[in-house]
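See below for the structure under consideration.
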Amino acid sequence: METKYLCVFLTILVTLIFVVNSEESVKPLVKVVKGKKLCTKGWECKVWSVYCCNQTISDYFQAYQFENLFSKRNSPVAHAVGFWDYHSFITAAAEYQHLGFGTTGPKHTGMKEVAAFLGHVGSKTSCGYGVATGGPLAWGLCYNKEMSPSKLYCDDYYKYTFPCTPGVSYHGRGALPIYWNYNYGETGQALKVNLLDHPEYIEQNATLAFQAAIWRWMTPAKKHQPSAHDVFVGKWKPTKNDTLSKRVPGFGATMNILYGDQVCGQGDSELMSNIVSHYLYYLDLMGVGREEAGPHDVLTCAEQKPFHPTSDSSTSSSSSSS
Ligand SMILES: *[C@@H]1O[C@H](CO)[C@@H](O)[C@H](O)[C@H]1NC(C)=O
Ligand SMILES: *[C@@H]1O[C@H](CO)[C@@H](O)[C@H](O)[C@H]1NC(C)=O
Ligand SMILES: *[C@@H]1O[C@H](CO)[C@@H](O)[C@H](O)[C@H]1NC(C)=O
């Protein structure tokens, strides 16, 4: 009798373990179209693509790691307590993983891209300062909006394409903060959300905020230019002009794409070093290690000429912190 019960018990236990394990790592569905292997992989990678055959972000970046990276974001002195969470990030990333966000190349490359993207996010939303507890790099995702905007960020030049809605303020909001009516307009068009009338959606919905930031990361700012994603994962091949301007694929070039001459081509400025420090800190915490970041001229844009000189105010001013 007793051994029989034990057997039943063990069978149930083994079944449970099997079920739990198989849930942990979703197997991709595979089909071959014109000799190309395409996959889907659960809700996280649901559009048929080559990228969905690879490990998805939640396979190598889990909730506890997100908590480590942004450990101070819910401390009482933070400015967006309870807003940002892991689930919002993964939900937003699910819209872009079939396009290669975090899923390009070997797992290692995916982890580096997530660290790089979040490095930008962390430095833009940090309220860390020199003597902050836990160190200045532990305070990413402290903000979700500019605290004391001094203007409405309405540019009348775009009054026909992206007219400002009366009474609405287009100050900085989000994970890679959006400023100005035309940037809210353009982002809203891409995400099919009416951000021109309702820019405040970005500070009310962390999934939308992350989605807008990942869209910016994945999308060229100008025609015939690469995206930050392209220059980071090596999809972009520099021309002779690029090489002469010291623009090489890597993290440095992502800063060049997103901020141009506001950050790049000015030696080791404090602004640039702050973004780089966040990236390196996250590489360490994710277990990749900062030694994987590459040499100075790949990691920084200290000597790079901007992709687009005298950039418009598109990816705008320093941070959402002031
Ligand atoms: C998928 O992963 C493999 C093995 O790590 C890698 O060689 C390949 O480039 C990746 N596929 C894509 C489309 O990036
Ligand atoms: C937040 O934004 C996401 C992504 O755009 C959307 O799917 C979701 O419905 C939004 N949530 C709320 C409560 O509006
Ligand atoms: C190369 O750079 C020069 C000087 O900045 C510029 O005038 C020229 O148009 C560029 N050529 C291409 C193909 O981008």
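Placement of Cβ uses the backbone N, Cα and C atoms for every residue, glycine included.
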_Candidate in Cys142, Cys154 joined to Cys164 through a disulfide, as TrEMBL lists it_ = Cys154
*Please name the cysteine among Cys142, Cys264 that TrEMBL pairs with Cys301 through a disulfide bond.*
Cys264
*If you measure Cys164 (disulfide bond) to Cys264 (disulfide bond) at Cα, how many Å is it?*
31
_Entry from the disulfide-bonded residues list Cys154, Cys164, Cys264, Cys301 having the most other CB atoms no farther than 10 A_ = Cys301
*How big is the Cα-to-Cα gap, in Å, between Cys154 (disulfide bond) and Cys264 (disulfide bond)?*
26
